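Chemist: Sequence annotations record features per position, and here TrEMBL assigns S-adenosyl-L-methionine binding site to ASN45, LEU47, GLY72, GLU94, ASP120, ASN139. Residues annotated as domain 'Ribosomal RNA adenine methylase transferase N-terminal' in TrEMBL: 52-224. Positions annotated as region 'Disordered' by TrEMBL: 1-22.
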Amino acid sequence: MTDATPDSAPMSGPMPTAFDPQALPPLREVIARFGLDARKALGQNFLLDLNLTGRIARSAGDMTGVTVVEIGPGPGGLTRALLATKAKQVIAIERDHRFIEALQDVIQAADGRLSIVEGDALEVDPIAIAPAPRAIVANLPYNVATPLLIGWLGRIEEFVSLTLMFQKEVADRLVAKPGSKAYGRLSVITQWRSDARVLFNLPAKAFTPPPKVESTIVHLTPRANPEPAEWKALEQVTAAAFGQRRKMLRQSLKSLGNAEALLAAAGIEPTARAEEVDVSGFAALARAYRGR
Ligand code: SAM
């Protein structure tokens, strides 16, 4: 484990780390020097306020000894903040080649604790590149945020936690409860595998350039005892149920076969609608579907 605390450090209070995010050139200067205009197609909305990136990094919890994977470091505002935590190392995956050169100063200053993987996060397995204990902390590119999350949820037990920035509307869906408008497939799959909670919102003006929407940081930890269910079966039953969310399940689940028998096996009223069924109900339905 890397302990960057100097011998002369005081024995009480927050432990200082050797990495000082403010000691590097300001992010606006880095952006100007390397001509890093934001590209919409890559979901580039940067956080240039180091107080804010520090807040996000700290909100991930105690990262002592943890390898943190960051998706999309961009000009490196959050990367710097992550290096200022007690994380053992930071591995950042970036698709846009322009940032690799711009991040060289941070790599130098990080003294072996930062490595960059150039590639598409949809194709890089964080479990393969980062040793345990590992966590993900990222201001996600919104165009691929949901598929990335779904990929990680499938093996969330391999992570200490995921601390992720989403557009608020997606964050609302992740934590939505039955009976609410935002409750849907993403809520069920997320809450089946994880304990997900909203940490805080950020206004659009916190970003450069500002996106059209508000953003939200969500913290996800693996659920200790997820209800037994098969991933594919749960996807199939939630797709059928929420595909026609206004209809009664005895109708919307017809595409799966004998809907009434499935619902009876799962102990769900045939007249219930998808948005009334909780995660346990959907897990029971997935088991009934799998065992049919
Ligand atoms: N972390 C920086 C910050 O907070 O200022 C940048 C965040 S920006 C919302 C998203 C970043 O993800 C950009 O740097 C973008 O180039 C990168 N990105 C977009 N799609 C990606 C992908 N498929 N794989 C890896 N990085 C990606």
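Just so you know, glycine gets a Cβ as well, placed from its N, Cα and C.
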Chemist: Report, as a single number, how many Cβ atoms besides its own are within 10 Å of the Cβ of ASN45 (S-adenosyl-L-methionine binding site).
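Modeler: Its Cβ has 22 other Cβ atoms within 10 Å.
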Chemist: Please list, in sequence order, the residues in the chain of ASP120 (S-adenosyl-L-methionine binding site) that are at least six apart in sequence and whose C-beta is under 8 Å away from its C-beta.
Modeler: ARG95
Chemist: Return one of helix, strand or coil for GLU94 (S-adenosyl-L-methionine binding site), based on DSSP.
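Modeler: The residue in question, GLU94 (S-adenosyl-L-methionine binding site), is strand (DSSP, three-state).
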Chemist: Measure the Cβ-based neighbour count of GLU94 (S-adenosyl-L-methionine binding site), defined as the other Cβ atoms within 10 Å of its Cβ.
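Modeler: The answer is 24 other Cβ atoms.
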Chemist: Using DSSP and three states only, what is ASN139 (S-adenosyl-L-methionine binding site)?
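Modeler: The three-state answer is strand.
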Chemist: Using a Cβ cut-off under 8 Å and a sequence separation of 6 or more, which residues in the same chain sit near LEU47 (S-adenosyl-L-methionine binding site)?
Modeler: THR53, ILE56, GLY77, LEU78, ASN139, ALA206, PHE207, THR208
Chemist: Over all pairs within ASN45, LEU47, GLY72, GLU94, ASP120, ASN139, the annotated S-adenosyl-L-methionine binders, what is the largest Cα to Cα distance, rounded to whole Å?
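Modeler: The S-adenosyl-L-methionine-binding residues span at most 21 Å between Cα atoms.
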